[in-house]
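According to Swiss-Prot, the protein has these features:
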type	residues	note
ACT_SITE	9	active site, nucleophile
BINDING	9, 11, 177, 181	Mg(2+) binding site
BINDING	154	substrate binding site
């Protein structure tokens, strides 16, 4: 069996009902992959600590990429910070001073990004930041809006993992559902967009499934079975 590394989003991918509740059958299937000798690494817009804790309790590989690539957690007190929180906070202040309904989302503490409620026009916000010469990334994970440092995304974050653990692109399988997962798709040879993904996201994946979220992960793993059986 050839070892593969699965880079898996959390919200909208292994959750159900939109509230962050884990789809247990999907998690069980991911744990089974680990038991078979593969790696399963969560790559999320949530904090890397949340992703790491899910890996501990869920029985997957104990590494996580969080904050849309801005932070990597390798252990309880071992974090690699790739983003700059202060420049994200500065962007937040600019938006608050120039737009209405810009509100932070109540989330677990972040080390490299700012997380916002999805209560304002994203394109208008990007225009305001550009006019003020603020160079950050403003993205929509469907879970929230995120302000990240320039050059930070799930793809760059996971690339650090690939370098650290000598993982080949040919052995990476990415699974996700939102625009923030597209950079992750680009660093993986195989990528799967779930049924709840937009058409734009689906067009960036090498494979799509019809089922949504956790059910989509189960469908994806069924489709990937021939690849996983390769020697």
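Note: Cβ is positioned from N, Cα and C throughout, glycine not excepted.
For the recorded site, residue 181 (Mg(2+) binding site), the DSSP three-state label reads helix. The Mg(2+) site is defined by 9, 11, 177, 181, and by the 8 Å test on Cβ atoms against their centroid, the other residues of the chain that qualify are 10, 12, 13, 44, 45, 141, 142, 175, 176, 178, 180, 194. In this structure, the CA atom of residue 154 (substrate binding site) is 9 Å away from the CA atom of residue 9 (active site, nucleophile). Neighbour counts were taken as the number of other C-beta atoms within 10 angstroms of each residue's C-beta; across the recorded positions 9, 11, 177, 181, the minimum falls on 11. Residue 154 (substrate binding site) falls within a helical segment according to DSSP.
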